[in-house]
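Chemist: Before I ask anything, let me first share the structure, which is written out below as structure tokens.
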Amino acid sequence: SDAGSQKERVVTEEEWIQKWEMGNIGFHKEQGHPLLQKYLDVLLNGRSGLRIFFPLCGKAVEMKWLADMGHSVVGVEVSEQAVKEFFSEHSLPYCEEPVPEISGAKMFQSTSGNISLYCCSIYDLSSSIVGKFDGVWDRGALVAVNPRDRQRYVSLMISLMEKNSSYLLVTVSYDPNKHKGPPFYVPESEIKSLFG
Ligand code: SAH
């Protein structure tokens, strides 16, 4: 297939942590993503006070933006540095506690209680730990997942969704023979087969 050359590629969690240490985070955008602003109505669908999930969240500024609108935000990120930078860059006081169900994991929560970031691998989460969500903002998440883990990632995401939840997904369109990723190329046909 046209994405064949990327299929075997693996970026380890350790490599992601190193990217953060080296400041190699070109994916981070200081300004909120224009597509979230454009499709916010689709995500919210007239609802307020939603629980919104940010898989592979980095220090995405949109988490603050949605929390300020009255929603409750949960993210998961393997780099503790990213999580701490999120809170410090927005001058948000937070507390830190272990997650009893996941060995080695920590949960960082804003003192106001509306932003909770889990520092662990997304594959350690389940709905019994984080609950279910009314909305998902997936930018730099499915496209950052190793191609071999896509099915597992999507099955997990589906298990974290409430019945009427909305899922906004951003992908990147490019020639996968010219760039090894991430972001990986995820063709629309694969998105359809993964999510059904
Ligand atoms: N969504 C963010 C970050 C995208 S980059 C944004 O829009 O800016 C992908 C992020 O996923 C990185 O910060 C990386 O550290 C994190 N990550 C990679 N694999 C992960 C995993 N298995 N579990 C949790 N986080 C992971």
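Backbone N, Cα and C atoms are what each Cβ position is placed from, and that goes for glycine too.
Okay, these came from TrEMBL:
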| type | residues | note |
| --- | --- | --- |
| BINDING | 16-27, Leu56, Glu77, 121-122, Arg139 | S-adenosyl-L-methionine binding site |
Chemist: List nothing but the one residue from Trp16, Lys19, Met22 whose Cβ has the fewest other Cβ atoms within 10 Å; the candidates are the binding-site residues.
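Modeler: Counting other Cβ atoms within 10 Å of each of the binding-site residues Trp16, Lys19, Met22, the minimum falls on Met22.
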Chemist: Tell me, how many other CB atoms lie within 10 A of the CB of Leu56 (S-adenosyl-L-methionine binding site), whichever protein chain they belong to?
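Modeler: Other Cβ atoms within 10 Å of Leu56 (S-adenosyl-L-methionine binding site): 23.
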Chemist: I'd like to know which of these binding-site residues, Ile25, Ile122, is least surrounded, judged by other CB atoms within 10 A.
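Modeler: Comparing Cβ neighbour counts within 10 Å for the binding-site residues Ile25, Ile122 gives Ile25.
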Chemist: Relative to ligand 1, which of the binding-site residues Lys19, Met22, Ile25 have a Cβ found under 6 Å from one of its atoms?
Modeler: none
Chemist: Helix, strand or coil at Leu56 (S-adenosyl-L-methionine binding site), per DSSP?
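Modeler: Looking at the DSSP assignment, Leu56 (S-adenosyl-L-methionine binding site) belongs to neither helix nor strand, so coil.
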Chemist: Look up Ile25 (S-adenosyl-L-methionine binding site) in the DSSP assignment and reduce it to helix, strand or coil.
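Modeler: Reduced to three states, the DSSP call for Ile25 (S-adenosyl-L-methionine binding site) is coil.
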